[in-house]
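Asker: First the structure, which I've put down as C-alpha cells, then a few questions once you've had a look.
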Amino acid sequence: MLPVVVVHGGAGHIPKDRAELSCAGVREAARGGYAVFKTGGSAMDAVVEAVTIMENNPAYNAGRGSVLNVKGGVEMDALVMDGRTLASGAVSAVRRVANPIQLARMVMEKTSHLCLTAEGASQFARAMGVPEVEEESLITDYSRMRWKKNLHPDANPVESQMGKMGTVGAVAVDAEGNVACATSTGGMINKMEGRVGDTPCVGCGGYADNQTGAVSPTGHGEAIMKVTLSRLILFHMEQGKSPEEASDMALTYMKERVSGLGGVVVVDPKGTWAARFSSLQMSWAAAQQGQLHYGLYHGEDFTEPI
Ligand code: ASP
C-alpha cells in the first residue's frame, strides 16, 4: 500500500466555473508529491512539494491566490509536522513570501521554535535568503473582487462564504512508513488584520505521528481550533477507528458541538487513507500504487492511472 500522498484544495462551496480548476490542481499536486518518492524523497518532502504546487496555483487560497484581510492585505498561515519525531514548524500572518509552507519547514529545521509570526517570520525569511515578493504578486483579480464584494455593508454573510474554498493541505506515508502533514492558507475572507486561524496551530491545522497517522484539515478555523480537529481524529484512530470512521466522528462532533463545517485528508502508517468532509464540497486527490483517486462532491471517487 505504501507510499501514498493525499491532498485537499479546501472545503466549502465553490462556484461552478472554478470547480474544474480546483479539481485539476489537486490532481497535479498529488502527482507531484507522489513523484518525489521516485527520487528517494520522504513523506515530509512529498507533502511540502504537493503544497508548494498548490500555493503556486492561483486557483487556491494559499500563496498566490490567497484571500485578502479586511484591509486588503495578504497574511498567510502554514504548518508542517514530521511523524518520525513530532517535530513541527509553522508561520502565521506572514506577508510577502511566495511559499509559506517552505518557510514553515525552515522554522522546523533551522530554529528551536515551533512558530514564527508576522514581521518576525518575514525577518527569518530574509535571514534564510528566501526572496521577498511584492504583495501584489500574491493577489488575483478574483480575490480582490471578493474582498470588495464582502466589504459592502449589505454583504450577505452566507453568500460571502460562496467561493470560499481553497486552503490547501497534504498528508503522506513514505516507503519506510513515516507520516507527515502540511497545510497552507490565506485564511478567512476579510478577516481582521492579525487574525491567526487553525492552520499554524499544532493539533488543529494538522498533526503527524508515526504511531497513529497524519491529518490535514480545512474549514472554519475558529471551529477547528475549538475541537482541535486533527488531534481529535488521531485520538479516535488510537481507540481503534479507521481513518474514515475517525474523520466522520470528529467532523460530526465539530458540526454538532460548534456548528463548524470542514474537511480532512487522513492517513494511517500502513497507507490506509481517507478524504472526508461535512461541507458541500472539498476537492481532493490521492496517489497510491500507480492510481490517482479524486473527487469534489460527496460520494465521488474517480480514478485514473498516474
Ligand atoms: N481553516 C482555514 C482558516 O480558518 C480556512 C479554510 O480552511 O478554508 O484559516
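A Cβ is built for glycine as well, from the same backbone N, Cα and C atoms used for every other residue.
From a predicted model like this one, the values you see are computed outputs, not experimental measurements.
Sequence annotations record features per position, and here TrEMBL assigns active site, nucleophile to THR167. The substrate binding site annotation in TrEMBL covers ARG195, VAL196, GLY197, ASP198, THR218, GLY219, HIS220, GLY221.
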Asker: How many Å lie between the Cα of HIS220 (substrate binding site) and the Cα of THR167 (active site, nucleophile)?
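Answerer: HIS220 (substrate binding site) and THR167 (active site, nucleophile) have their Cα atoms 10 Å apart.
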Asker: Which has the fewest other Cβ atoms within 10 Å: ARG195, HIS220, the binding-site residues listed?
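Answerer: Looking at the binding-site residues ARG195, HIS220, the Cβ with the fewest others within 10 Å is that of ARG195.
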Asker: Rounded to whole angstrom, what's the largest C-alpha distance between any two of ARG195, VAL196, GLY197, ASP198, THR218, GLY219, HIS220, GLY221, listed as binding substrate?
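Answerer: Across ARG195, VAL196, GLY197, ASP198, THR218, GLY219, HIS220, GLY221, the two farthest Cα atoms sit 16 Å apart.
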Asker: Can you tell me which of these binding-site residues sit near ligand 1, meaning the Cβ is under 6 Å from at least one of its atoms: VAL196, ASP198, THR218, GLY221?
Answerer: ASP198, THR218, GLY221
Asker: What's the CA-CA gap between GLY197 (substrate binding site) and the residue listed as 'active site, nucleophile' in angstrom, rounded?
Answerer: 11
Asker: Here are the binding-site residues: GLY197, GLY219, GLY221. Which has the lowest count of other Cβ atoms within 10 Å?
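Answerer: Sparsest of the binding-site residues GLY197, GLY219, GLY221 by Cβ contacts within 10 Å: GLY197.
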Asker: Among all protein chains shown, how many Cβ atoms are found within 10 Å of the Cβ of THR167 (active site, nucleophile), not counting that one?
Answerer: 35
Asker: Only counting partners 6 or more residues apart, tell me which same-chain residues put their Cβ under 8 Å from the Cβ of THR218 (substrate binding site).
Answerer: HIS8, GLY10, ALA11, GLY12, THR167, VAL168, GLY169, THR183, THR185, GLY262, GLY263, VAL264, MET282
Asker: Based on Cβ atoms within 10 Å, give me the single least packed residue among the binding-site residues VAL196, ASP198.
Answerer: VAL196
